[in-house]
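Working notes for the structure below.
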Amino acid sequence: MSVAVETFGFFMSALGLLMLGLTLSNSYWRVSTVHGNVITTNTIFENLWYSCATDSLGVSNCWDFPSMLALSGYVQGCRALMITAILLGFLGLFLGMVGLRCTNVGNMDLSKKAKLLAIAGTLHILAGACGMVAISWYAVNITTDFFNPLYAGTKYELGPALYLGWSASLLSILGGICVFSTCCCSSKEEPATRAGLPYKPSTVVIPRATSDESDISFGKYGKNAYV
């Protein structure tokens, strides 16, 4: 049962990592909204790297942010957290692939595989946590500006990339928990194989006849029985 759980957790973490990569490259982290009586013909959408505008004809024009130092602090922080999440996810995916009991890499015993699974599960949990913090931090800034009556700039709504990122982070965390929870079970299996108990062959003991028994058996026959 634990083999199925750790395999399921491994693929769940891999799916979460893939979705985190798609979230980072998605253009729709936030989308401009029509707020109040102002009528606009352009739709603006942004992510962590660039901003785009779509006119009434459906033509989109994108431009990169001018300077990293000119960006808001939360955008730079979200960039760092998302990149960290993907790097941790890749490292956890590699260690988990080696530590799975259905794989045979380097003829490792179960105790070493259990340690690798524990590290891989921890990395996936940290990756999901980094992604969750980055997405939530970005969403909080969107909602803060949206409900601020003194904010005179363009107001945005949550883009579909944020919902994808939340789902990806949750999958990474759940997959990491599944992988981490099976490391104790895998280290306890096959104790006799890991202990290397010595083999003692069985011996057969043949009882020897005593002197009294030999005298009794000799007395059963008379002297005339021997030639």
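Each residue, glycine too, has its Cβ placed from N, Cα and C.
Feature list (source: Swiss-Prot):
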type	residues	note
DISULFID	Cys52-Cys62	disulfide bond
MOD_RES	Ser111	phosphoserine
MOD_RES	Ser211	phosphoserine
MOD_RES	Ser214	phosphoserine
MOD_RES	Ser217	phosphoserine
SITE	Asp55	site 'Important for Na(+)-selective paracellular ion transport'
SITE	Asp64	site 'Important for Na(+)-selective paracellular ion transport'
SITE	Met68	site 'Important for the formation of tight-junction strand-like structures'
TOPO_DOM	25-74	topological domain 'Extracellular'
TOPO_DOM	100-115	topological domain 'Cytoplasmic'
TOPO_DOM	141-159	topological domain 'Extracellular'
TOPO_DOM	183-227	topological domain 'Cytoplasmic'
TRANSMEM	2-24	transmembrane segment
TRANSMEM	75-99	transmembrane segment
TRANSMEM	116-140	transmembrane segment
TRANSMEM	160-182	transmembrane segment
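Note on proximity: among Cys52, Asp55, Ser111, the recorded positions of the record, the Cα nearest Asp64 (site 'Important for Na(+)-selective paracellular ion transport') is that of Cys52.
The most crowded of the recorded positions listed here (Cys52, Asp64, Ser111) is Cys52, judged by how many other CB atoms sit within 10 Å of its own CB. Geometry remark: Asp55 (site 'Important for Na(+)-selective paracellular ion transport') versus Cys62 (disulfide bond), CA distance 12 Å. Figure note: comparing Cβ neighbours within 10 Å for the recorded positions Cys62, Met68, the maximum is reached by Cys62. Across the fold, the C-alpha of Cys52 (disulfide bond) and the C-alpha of Ser111 (phosphoserine) stand 52 Å from each other. Away from its own ends, the topological domain 'Extracellular' (141-159) comes close to residues 26, 28-33, 35, 44-47, 72, 74 of its chain (Cβ-Cβ under 8 Å, at least six residues beyond either end).
DSSP classifies Met68 (site 'Important for the formation of tight-junction strand-like structures') as coil under the three-state reduction. Put simply, Ser111 (phosphoserine) is 46 Å from Met68 (site 'Important for the formation of tight-junction strand-like structures') when counted between their Cα atoms.
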